[in-house]
Amino acid sequence: MTLTTAPRLLLVHAHPDDETLWTGGTIARYAAAGVQVTLVTCTLGEEGEVIPPELRGLDSAGADQLGGYRVGELNAACAALGISDQRFLGGMGRWRDSGMAWQRYGRTAGATADTHPRALVADEPGRQAALLEEILREVRPQVVVTYDSDGGYGHPDHVRAHEITLAAAERVPGVERVFYAAPAASAVREGLRKLAAVEGVPFTLPGEDDLPTVDDATVDTVIDITPVLEAKLDALRAHRTQVSLWTDESSGAAAYALSNGIGQPVLGGEYYVLGSGSGTPRTDLFEGLDVAGGAPLERR
């Protein structure tokens, strides 16, 4: 049978910057390989904590203009990664960042005591899933990426993104696989060890088991992002209200921190758990699927 279906990848993320932090290298690799990549962002990230002192007046306790500013950051990151199709679920500003409260600082988060009436988690998930379903039917991706059932670390918006993605994907027959972005424990530990051996890292390095990860045995697919690492670094730089980036030319090491100042290694791979679908893809999310040209990352 002739393969005629072009590969299409769709990612569902909660806030601007999540696409880069969790899946930036994967996006860049597939975009560079000619795959149609669509990014759906659920909120504007209005409740984020601002790092640059000169921009802190934008936050929700001040002018409450952070969401609009972060749209500009997202556009710059998408340009760096090669995304030309970025959408906001329900339209820009339909749902607001729900915020979060740390339960275990740097590792586990949960809901805040006060939820904004327009927060993503304040509305019905069925309504949100229906809107995502419309996008899936339009775009017709074979592969969809989001977070696992705890949203990676418990953020309510990440959890909601997981819920609505699964609900929508189940109703669209053309979606063949849903993957969860999930850093492998051994890779994160090794990355932290390498950072600890380098002088000048400007962040507080956590213990080897203090960052959210998954057991290696649960990881199905590893995407090598070293060919597009510079694109991911450029996208991280674009999210300057949320991310501080440090690189060391002599060692090749790179690390980033959010507003908590806890350093995290920029890894050479991005890791995925197959949430639904068949097959045993190891190095390409499309491996084994009936797409034109075969698995995109295996062509080169």
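For all residues, glycine too, the Cβ spot is worked out from N, Cα and C.
All TrEMBL annotations are machine predictions without curation.
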Do you know which of His116, His158 TrEMBL groups with His15, Asp18 in the Zn(2+) site? His158
The number of other Cβ atoms within 10 Å of the Cβ of His158 (Zn(2+) binding site), counted over all protein chains shown, is 27
